[in-house]
Every structure is written in structure tokens, then in C-alpha cells.
């Protein structure tokens, strides 16, 4: 039977659809319009000119020789056009991932590993991690990291990167820039006496030059396209100008007066297998998984941002597959870990890219640079590369207004964002991600475990409309006496089943009286629960918020003062008839939820004194209905098997009408109790 089912599923697989899903280029390339080619070529050239200086700079940020930045920039960006689902994303070295790699390598090198070998192995293992997640269709994993957490994390990382570039900007050697920001700043201040003023001048002039070009392009680029191109390619222009200046200084003085990149090999790296020996594998595996998460974080931020902006859908799981394949393949050509870089993705989009084919152009430019530019790259000033990093990364830092907006929307979002920001800033990227994701998961679990709930009632003047009775903006009156209408805005699971049961019972205790008397002897009562006192406290806390019965209201929806005075002593509460659960927001219920409903019904039967007590359901989702039906909640005990589901309703009004028609046995029991209570009150009034 099992073999037959497997064979049937295999036969139903659409090979063509599967191929298009795994290789998206099969879907869009046959529809390629020749008019798109110009946009792709311009975008590819623009990003290619931008990536060469950035790759050199980011490799130094990763504490690797600069040529490894170029090795990481040509193959992945070309492969992505085969597997990617975003036209804007461009794979290659990025500031945040490079910073993480540098921090991780510091610890790995202390264990005796070679940094280059470790970085290449990290790229391979991180790629495998991403590929496995993608094959398992776990793109949903990135939904665990909220936008506020991403904002805080990227801002903290950006400031860390800025501070780490100060020594290179000033020409200071021997400063450790991997670590918490306060220790890095302390090291920098203690080394300021070793500042090389020629490097400092080159660095600050490079920053001024880059910022000026950006300002001019932003101000006048829409008028003069050439100015816009100059602004987009400002990093390359900066490198060309200051490389030329460094060469002139070298010729004039006969020596290098500033710190330069130095000699790098000419040509493409030879394909080699990553080192997966047991000695390095154990040291690199943990950092590789965290590195994969960092890469996924930046990659998804870029893909989703520009997918949303340019109105196309990004497949999260396929993006994981493409990111994994690109890094696995890259690692055979001496690459370190690379995601879709935010800064170049933005430039790619702004340059008018039409399809992922632009990555081919970008890759060709990097290959050209590796084969023909190494003699010129020798004279690139390190201070200019530091300036490129600093001017590229500062835009990721958000201001206090962003945090204030988060506070006004939801305080926990601001707390999560600030937590990610400060932990990243004062520890490291790895800890920042771990703490921020952990906090986000705790908040999400808390929201599930403690969901919103409401006691609802009919809105005055709007037939069939029910709303939260605690909402002062809506005049919702109490339902018929003895009927409780409870709304839960969450699925019922083991995380919140007891909470749900407790809140329904509290709603019942607040608004109704029990038709069964408490044991007269204290010895017969539950040792751990003074129910009378607890109910009295709940009523005192709630009676100013919710009218428990249909008392007259003033113009503002509040009960008239004489009804408010000493309400707990004056109010009489109806006996419980039935409870209606409005379940339109409940998409799932598990075994713990079913057991909680059973326990709830048992306690309500005991409280009401009616063995035929009715628990009604409104707006059940198909899955929830199926499970409640299987548990026997949808049918009355006396209904025949083919009878209707009398406890399930489409509308609250229908449920209220049905619930108000209580069984005759309960009606007689309630009448007797009310007569007894009325007789006792009459005797007290005579006395």
C-alpha cells in the first residue's frame, strides 16, 4: 500500500514544473525582450564598476588578503541569474557578512587554523546549510527575524564597521578591530600617537570626495544623466584618482609614503576543494551556521525590499537554494561567504535592471579586473578603501526617530530593535543575532501563550453586530442574562490551553452566579481556592469596565451613578445558561486544546448545576470543526447520528437565539433557585 502511494506521487510529479521551480531562468529567459538588454547591460556595468573597489575593501574588513574579495565577486553573481528569483539582487562581498567573517576568523585563527583556508571552508559549510534549508522549503525561517530586529542589528553592525575602519583611515598599524566597540575605541585612542598623517589626509579627502559626488548626484542627477552615472560609480572614480596620486607619490619620493594594498596575484584562482578535515571542520562548523544566518538575513532583506518595491514575488525557499549553490560553488574558487549585498542591490535596482542577466556583465568585469588590473591595484591606498567602506555603510544606521516610531506602533518591537542594536554594538554580531532572535521568539511565544480575548455583546443600533464590551468607543451592551459570549483571537494549543480555559471561567464568574451552593462547611471546600473571595475581587475589578447585566447606560456608555454605587453589594447576577465561543480567529486546535475544552465544560456543568449545559461554537474553521466533531463537542447527547450539529453556528446572533432556549430541566432548576433566593431576600427585608 505504501509503495503504491509513493509510486503514485512520483508519477504525479510534473518534471517541467519542477525544473522551472529549481531553475527560474527556464521560465523568464524564453520571454526575454530585446528592449530589456540595454537596462541589463547598464546595470551590470554599473555594479561591476562598483564591486571591484568594494570587494577589495570588504576583504580587508574580513581580515583576508584583498584578492579574495575579487575571487568572491565573479562566479556567484553569474550563477545567481540561473537560480535566483530576484532581478535586483547581486551576490558578492558585503560589509556586514565580511565583518562577521573577520570576527569569526579571529577566534578560529587562535585555535591554530589558517584564516584563508578557514574562510573558504566556512563559505562551503554555510552554503550547504542554506541549500539544505532551501531543499526542505524552510524559507519561512526568515519570518522568525522581524523587521525591527533587522533594523537594530544592521545599525549596530554598521557602527561597529565604521569604528573598525578608523585605524586604516588614519594609517595606524597593529590595532585589533575585532571585538566590542568600547574595547576597539580604547585601542584606537591609545594608538592615536602612531597616526600617519599622509594616510589621514588621503582618508579624509577620500571621504569628502565621495560624499560630494553623492550629494551632487542626488541633487542634479535627475537633470544630467552623466552626473547620476558619476555618483553611482563614485567608488571607482575615487579609487582611480587616489591610486594615481599614490603612484605619483611613489615615483616622486622613490618610496611608498602611504599604506597601499600591495601585490596581488594575476588571473583567476585555480579550482580547489575546500578543506573538510576533521581538525578544521569542528572549529568552523558553528561559525558557519551562524554565518549562514547572517548571510540569509542580509540576502532576504535585499531581495524582499526590492521585490516589494518593484512589484514582483520572491520565493524564499528558492532564494535559500540559490544562496547555497552560489556559496558552495564559490568556495571551489577561493571565495569567502557572500550574500546578496544591500548596497549593490540598491544600485542595481536604481540603474534600471530588467532581469537577473545583468549579473553576467558584472562577473565579466570582475574577471577582467583579475586578469589585467593587479599591477594597478598595487597602488590603491588602504585609507581610500576605508573611506569607501565608511561612506557605503553609514546609510544603514537608523536614527532615533525610527525607534520612536516603533515605540508608538508597539513597544516590544522597539525593545527588540534596541536589544539587537546594543548587544551587537557591545558584544559581537553573533551574540547580537542570537539574543535578538531569542527575544523575538520569546515575544512570539508570549503572544501565542497569552492571546487577546474579549467578552463581546451586541452593538446598539446595529443588528447582528457584536463587539468588545470593554471598548469605550463602541456601545456594546450585555448579551441575554446568563449567556456569556467569549472571543479568542488565537489558535488553542498546549501553549495557551490552560490560559484560555481560565479566562473563560473568569468571564463566567464575573457575569453570572452559580446555581449550586458552595459547601457550608469550610472543611468540605477546596483547600487552595477561596472561590467566593476570588470572584468578588474579579467583579470589583471588572464592574467599572463591563456591565455584567443589561443595566441602563448614560450618553457616554457608562452606567448611571446610582447603579455604580456599591455595585458589588447591590448587583444581582443571573444564573449561567450557556457559553458561546466565537472562534473565527481560531485556526488550529491540538489535543491539549481539546482536553482544555473538556475540562472547561465539566467545570461549567458543575457551576451551572445543569448536566445538559450547552457550549456553543461560532465561525469554526474546517480543521477546527473536524477536530471538535471527532471529540464530540458539536452534537447534543440526545441527537441521533444523522442529526444536525446544534452547537455549531454561522453567526453569533444564531448562537444567542439557540443558547437562550435552555433545556426544560435547567429551566425548572433555575426557577427553583431564583424563587429560593427571592424568598431569602424578602425575609431579610422584613427583618
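Note that Cβ sites are derived from N, Cα and C of the backbone, with glycine treated the same way.
Taken from TrEMBL, the feature transmembrane segment applies to 36-59 (among others). With a cut-off of 8 Å between Cβ atoms, the residues of this chain six or more beyond the transmembrane segment (36-59) that come close are 65-70, 72-73, 77, 90, 92-95, 98, 229, 232-233, 235-236, 238-239, 261, 336, 341, 343-344, 347-348, 351-355, 357-366, 369, 373, 377, 380, 385-386, 388-389, 392.
Marked as transmembrane segment by TrEMBL: 65-83 (among others).
The annotation transmembrane segment is assigned in TrEMBL to 90-109 (among others).
Taken from TrEMBL, the feature transmembrane segment covers 115-136 (among others).
Taken from TrEMBL, the feature transmembrane segment covers 148-166 (among others).
Annotation source TrEMBL lists transmembrane segment at 200-217 (among others).
TrEMBL lists 229-253 (among others) with the feature transmembrane segment.
According to TrEMBL, the feature transmembrane segment maps to 280-300 (among others).
The transmembrane segment annotation in TrEMBL covers 357-378 (among others). Cβ atoms under 8 Å from those of the transmembrane segment (357-378) belong to residues 32, 39-41, 43-45, 47-49, 51-52, 55-56, 66-67, 70-71, 73-75, 77-78, 80-81, 87, 90-91, 243, 260-268, 348 of the same chain, restricted to positions at least 6 beyond its ends.
Residues or ranges marked as transmembrane segment in TrEMBL: 385-403 (among others).
Same-chain neighbours of the transmembrane segment (415-445): 96, 99-100, 103-104, 144-146, 148-153, 155-157, 159-160, 178-182, 287, 290, 293-294, 297, 403, 406, 495, counting only residues six or more beyond its ends whose CB sits under 8 Å from a CB of the stretch. Look at TrEMBL and you will find 415-445 (among others) tagged as transmembrane segment.
For 481-659, the entry in TrEMBL reads domain 'STAS'.
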Same-chain residue ranges lying at least 6 outside the transmembrane segment (115-136) that approach it to Cβ under 8 Å: 62-65, 68, 72, 101, 104-105, 108-109, 274-276, 280-281, 283-285, 287-289, 291-292, 295-296, 317-331, 334-338
Long-range Cβ neighbours of the transmembrane segment (90-109) (under 8 Å; 6 or more residues past either end): 47, 51, 54-55, 58-59, 61-64, 69, 72-73, 76-77, 79-80, 115, 118-119, 122, 154, 157-158, 160-161, 164, 177-179, 283-284, 287, 290-291, 294-295, 298, 323, 326, 336-345, 348, 358-359, 362, 389, 392-393, 396, 428-430
Chain residues outside the transmembrane segment (280-300) and at least six past its termini with a C-beta under 8 angstroms from it: 89, 94, 96-97, 100-101, 104, 107-108, 111, 113, 117-118, 121-122, 125-127, 129-130, 133, 141-142, 145, 150, 153-154, 316, 319-320, 323, 327, 337-342, 429-430, 433-434
Long-range neighbours of the transmembrane segment (385-403), counting only residues six or more past its ends (CB under 8 A): 53-54, 56-58, 60-61, 66, 95-96, 151, 154-155, 157-159, 161-162, 165-166, 168-169, 203-204, 206-207, 210-211, 214, 235, 238-239, 261, 342-343, 414, 417-418
Non-local residues, at least 6 beyond the ends, that sit with Cβ under 8 Å of the transmembrane segment (200-217): 168-171, 227-228, 230-232, 234-235, 237-238, 241-242, 245-246, 258, 381, 383-384, 386-388, 390-391
